[in-house]
Amino acid sequence: MLGNSTLGNKSYFHKLKELHDALFSSNDMEKHPLKGNASIPMSSPASYQAFGDKQSNGQHSKGGGGQGRGERRGVSVSSDDDMLDVTASGMSDHILQDELTASHCGGVTFAGVGDSDDIPGIGQYDDFHTIDWQRDIARDRMRHRYIVKRRQNSILDLVKGAHDAWSGWLCVLLVGIFTGAVAGVIDIGATWMSDLKYGLCPQAFWLNREQCCWSSNETSFNDKGNCSQWLMWSEVLIQAKDGAGAYLISYVFFISWALLFALLAAALVRMFAPYACGSGIPEIKTILSGFIIRGYLGKWTLIIKSVGIMLSVSTGLSLGKEGPMVHIACCIGNILSYLFPKYGRNEAKKREILSAAAAAGVSVAFGAPIGGVLFSLEEVSYYFPLKTLWRSFFCALVAAFVLHSINPFGNEHSVLFYVEYNKPFLFFELIPFIALGIIGGVIATLFIKANIRWCKFRKVSRLGQYPVTEVLVVTAITAVLAYPNPYTRMSTSQLIYLLFSQCEPQSAGLCDYNVESIPGKSGAQFSPGPEMFSAVWMLVLALVFKFVTTIFTFGMKVPCGLFIPSLCLGSIVGRIVGMGVQALAYHYPNVWIFSGECSSANSQCITPGLYAMVGAAAVLGGVTRMTVSLVVIMFELTGGVRYIVPLMAAAMASKWVGDALGREGIYDAHIHLNGYPFLDSKEEFEHTALAADVMQPKRSEPLSVLTQDSMTVDDVQALLKDTEHNGFPVVVSRESQYLVGFVLRRDLNLALENSKRTLEGIRGDSLVLFVTTPGLAPAPGMPPQLKLKKILDMAPITITDQTPMETVVDMFRKLGLRQTLVTHNGRLLGVITKKDVLRYIKQIDNEDPSSVLFN
């Protein structure tokens, strides 16, 4: 690698020693430039915004994603203020270890330490751009070294060091507290507004049905039907609870309240926070990968999403609030991170807080703190170091504790669907459990394909121009069709709880069993009653209804999640299958698979509620493609720890079937539908091309570059005007094309504007210098030179033109690159950007490369 440098023909170690002596013998590193150096650094903290991308379009890249999972090591450290004037690739970390602890070491400065920024705005990111993971992580390490070194100077510096050490824990503590509090308010508000469709509490209208009935002696917690404190709308208006008139009044109020809530939710989203619609998880995955979407995690999005999800859930639409809770928690994490400059001013560090916030969101949504941590790790986070795991666990714990203290569910359990049966499952039941996994995978695949097709139609048709009208129409149809069926009239969470519950003898509907005593034996046999068959048919209709309405609901311009509808679909299927297996065990007790437990005098050997729980996990796993986190969430959600094996079997079967029928889960499908630049680190590609085949521009096309010391201000401005690239390589000269560094278009614009404001005598014919060249002083009568070495990245990551694209794609995914420069024998040939990589992947997948959104 050093063969292309200008260090001469001496041995490598002798060259390295000379370089070391040159670096540390003077504080002015600019006296030792390495002109024409085309060496390739072994590791670099710099990966800048894509050359070749449009400035107006930005570089959307999921791949920021963080430097994979694990620590990154950089040879040199770039900062907002200056770049280390060393590009020799043979240089290792330990050479710079001591010097980089200073606030200004040989020309290296960085924001927040030592000298302030000379050029305002340098190091920040524009909207719809990818963050520079390598630079941000390096900046944080330099800041940390500076603080550690100064701790011995004074008590104040010691306190500052301690504050820096525990600021991360304090930040996630605040995130957990606020997330739990907001979740409690949302749960209480959504329950009250949902009950408002059926009636109200005259004594205290702000109480929901359960709270209103707490003072009544006529009801128990699980039986709210006979509560005289709660009045239905028909009782309020005509003092009648039954009859055609009462039914009609209740029907009209049900539809009217649903339309009112839907109108408010859609109007608030449209007027105040367009980013508050949908689930938010696809965008959270993209943001956590290192992408900038200004306003998506802002205060208005937080407020409107919190209010809107209460309204949306209350409409009775087939949606849930669990997915949006992740978005809300990340909004809280983003806002609170600005209280701590360590995280607020560093986008890479901020994503550690956002990962912990995502875990807290799932924790309060399901009462599943451990599942929340695993969900953040498995599903949404791209960069998840060990310390983020600890802080995510702490944040989820605090959020769950705060929510449990608020007690929005009104019982002693902090989970949504607590199950009370504790019978062990039978070995032969693994067969129907795996069958449920297969069915769940098929249902999930059909749903994903149908929903994506409908969302595509919405985007290209005139329907997308009328989002509020669409919401009102879907709400009206849903309310009109849902009310006649008692299983669709109730809220989705209540239906899931009913399907998970264990039946009591001599109940109605799904629990209509005839109790038959067995002569000569203790115990009884339960046989299906007449109401059970009609209940099964209504469940089948509810399944079809929920499936169809969820297709049209998910993706509308209101806050809407997909966890609860998926659980509902799976629980209906599972309950029906469980009741079928139970009927087989009753009618054929002597068959060999039932001859053990089911032929004895036990009350019931088959628990349909367990099948509902397994089916719910199967469909949710097929829709989201979750595995480990799904199983943990399900047993935390229900308290059924002993049923981990059935849940695992169903989740794996569902994922296998889903992957066989379609590669993507619902969130990845929506990421690609919206064109977000997401480079999945878990996907595998078959690459046959080389870097030279993908780079821009092609060999026959001219390359837009800056020269290190021969361009004027007018030349630079003309290049900026004639091109729309987001960055430019800096070379020794146009003839040699030996690489010197890389500069961002945004930084170049800011530097030119700043020089015109602050420097006297700068004219259009002023020479622009990106390196300090000895002897190149301005001639008498000539304008002063403009030195822009501070914005130059002198250690860009480079590859050769013969590098396989498999290696290039892995570099982009695991290092979070924004671009890499392509060289041949040390001479610059072109650039490969994240956009080029995404286009290449689309091409090898036989998809339209233009479908990736870069605006």
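Note: Cβ is positioned from N, Cα and C throughout, glycine not excepted.
Record features (TrEMBL):
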DOMAIN    695-759  domain 'CBS'
DOMAIN    792-850  domain 'CBS'
REGION    34-78  region 'Disordered'
TRANSMEM  166-190  transmembrane segment
TRANSMEM  248-273  transmembrane segment
TRANSMEM  293-313  transmembrane segment
TRANSMEM  325-341  transmembrane segment
TRANSMEM  353-377  transmembrane segment
TRANSMEM  426-448  transmembrane segment
TRANSMEM  468-485  transmembrane segment
TRANSMEM  535-555  transmembrane segment
TRANSMEM  567-589  transmembrane segment
TRANSMEM  609-635  transmembrane segment
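Looking only at the domain 'CBS' (695-759), the predicted model's pLDDT averages out at 86. 293-313 is the stretch from 293-313, 468-485, 609-635 with the greatest number of Cβ pairs below 8 Å to the transmembrane segment (166-190). Ranking 248-273, 353-377, 535-555 by CB pairs under 8 A with the transmembrane segment (567-589) puts 535-555 at the top. In this chain, the transmembrane segment (609-635) lies close to the transmembrane segment (426-448): three or more C-beta pairs between them fall below 8 angstroms, excluding pairs fewer than 6 positions apart.
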